[in-house]
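Data first, discussion second: the structure below is written as structure tokens.
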Amino acid sequence: MPNQHMLLLSNLLPVGLNISTWWNFGSMLLTCLALQITTGFFLAIHYTANINLAFSSIIHITRDVPHGWIMQNLHATGASMFFICIYIHIARGLYYGSYLNKGVWLSGTILLITLMATAFFGYVLPWGQMSFWAATVITNLLTAVPYLGTPLTTWLWGGFSINDPTLTRFFALHLILPFAIISLSSIHIILLHNEGSSNPLGXNSDIDKIPFHPYHSHKDALMLTILITLLFIILSFTPNIFNDPENFSKANPLVTPQHIKPEWYFLFAYGILRSIPNKLGGTLALILSVTILLTVPFTHTSYVRSMTFRPLAQLMFWTLIATFMTITWAATKPVEPPFTIIGQTTSILYFSFFIINPLLGWLENKIMITH
């Protein structure tokens, strides 16, 4: 009888035979989310959301709390792993045309925005130098909004500068947003299972499906093992590899760091913001760097879903990946030549992908019809 139930359960989720390892990142993201919520809960128990005590409470967690250093480092490194997985997940969606499942893609983009907001609020909490100044710079962008900018910024800060009320509300938001992420993830997964996964060929999977368990579940288990092993290797040997040296000093509003920059996973957006000399223009470009993903399902022109059989589109896709990495690198450098021109060039290339790709689809259609 139990075997019958197991058979029924495994056959309830038939999955395309040929989906590759790139399809495993969804389950890895779910694992990252569970890890972040668990470690975050234990950190929240010992954390104090007060500008005089926040920095000391982090030191207290790492030094005095039993296994606190593991929790703190897992939470910080886990965030980087989360973003590595989500960027690969999005790249796979762009390459294999998964965005044509509109509900899944749009809910996923909203998930990305929520995740970025959560990570930003979390970066402010240790109240180190870079935490404070990154929060000052990013929240100050709200002042670029015509008419409403200044009152909006004052409302967000809870005063006329970043102070105790700001830290308290950022902690509250950092605590509540992961639950919004859980809800959005549930919607994302429900919408996915409504239509089913795409596959590397972009063809219909209905003709050849296999049970999710044991085939794909074992593939998931392998990738999760690699993820957790990598996480613990970083944790054991280079736990501060993703941290900024400035953040080991307590926040000082009177001393500005030589080069203010956010965490590495925001550097591509920060690089785009920095490459436009106008404040409002830069803010709009920053917002557009993520929200432009919402347009992708509506600008798909090719008859072929996946890029597997589209060499011209592949060229543009890999240019986008190289561009993304170059912007990230350029944003770590000071605002001076040649980094300014590199930032501006790569920003133009980044947005050009979303304009050129539909044109390439149209061109490929023409070539296919004539041949």
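Cβ atoms here come from the backbone N, Cα and C positions, even for glycine.
What Swiss-Prot records for 25-45 (among others) is transmembrane segment, and it gives similarity to another entry as the kind of evidence. Beyond the transmembrane segment (25-45), the same-chain residues lying 6 or more positions past its ends with a Cβ under 8 Å from any Cβ of the stretch are 61, 71-72, 74-75, 78-79, 81-82, 85-86, 88-89, 92, 175, 178, 181-182, 185, 220, 223-224, 227-228.
Residues of the same chain lying 6 or more positions beyond the ends of the transmembrane segment (69-90) and with a Cβ under 8 Å from any Cβ of it are 22, 25-26, 28-29, 32-33, 35-36, 39-40, 42-43, 58, 61-63, 108, 112, 115, 119, 122, 227, 230-231, 234-235, 239, 241-243, 263-265, 293, 324. Per Swiss-Prot, transmembrane segment is recorded for 69-90 (among others).
For His174 (heme b b562 binding site), the same-chain residues 6+ apart in sequence whose C-beta sits under 8 angstroms from its C-beta are Thr118, Phe121, Gly122, Leu125. For His75, His174, the entry in Swiss-Prot reads heme b b562 binding site, with the evidence type similarity to another entry.
Packing around His188 (heme b b566 binding site) is summarised by its Cβ count: 21 other Cβ atoms lie within 10 angstroms of its Cβ, all protein chains included. Taken from Swiss-Prot, the feature heme b b566 binding site covers His89, His188, and the record attributes it to similarity to another entry.
According to Swiss-Prot, the transmembrane segment annotation covers 105-125 (among others). Tertiary proximity for the transmembrane segment (105-125) is limited to same-chain residues at least six positions away from its ends with a CB under 8 Å from its CB atoms, namely 47, 49, 54, 79, 82-83, 86, 89-90, 93, 98-99, 131-132, 134-135, 138, 166-167, 170-171, 173-174, 177-178, 180-181, 184-185, 187-188, 191, 262-263, 265-266, 290-291, 293-294, 296-297.
The transmembrane segment annotation in Swiss-Prot covers 170-190 (among others), and the record cites similarity to another entry as its basis.
Among the features that Swiss-Prot reports, ubiquinone binding site is placed at His193, with the record citing similarity to another entry. DSSP assigns His193 (ubiquinone binding site) to a helix in the three-state reduction. Around the Cβ of His193 (ubiquinone binding site), the number of neighbouring Cβ atoms within 10 Å comes to 12.
The annotation transmembrane segment is assigned in Swiss-Prot to 218-238 (among others).
If you look up Swiss-Prot, you'll see 280-300 (among others) marked as transmembrane segment.
Residues or ranges marked as transmembrane segment in Swiss-Prot (evidence: similarity to another entry): 312-332 (among others).
Look at Swiss-Prot and you will find 339-358 (among others) tagged as transmembrane segment, backed by similarity to another entry.
Sequence-remote contacts of a segment are chain residues at least 6 beyond its ends whose Cβ falls under 8 Å from one of its Cβ atoms, and for the transmembrane segment (170-190) they are 30, 33, 36-37, 40, 44, 47, 49, 104, 107-108, 110-111, 114-115, 117-118, 121-122, 124-125, 135.
Proximity of distant same-chain residues to the transmembrane segment (280-300), defined by a Cβ-Cβ separation under 8 Å and at least 6 residues beyond the stretch ends, is recorded for 90, 94, 97, 99-100, 102, 105-106, 109, 112-113, 116, 141, 144-146, 268-270, 272-274, 347, 350-351, 354, 357-358, 361.
Packing against the transmembrane segment (218-238) from elsewhere in the chain are residues 21, 24-25, 27-28, 31-32, 70, 73-74, 77-78, 81, 85: each is 6 or more residues past its ends and has a CB under 8 Å from a CB in it. A Cα-Cα distance of 17 Å separates His89 (heme b b566 binding site) from His193 (ubiquinone binding site).
Sequence-distant contacts (6 or more apart, same chain, Cβ under 8 Å) of His75 (heme b b562 binding site) comprise Gln36, Thr39, Gly40, Leu43.
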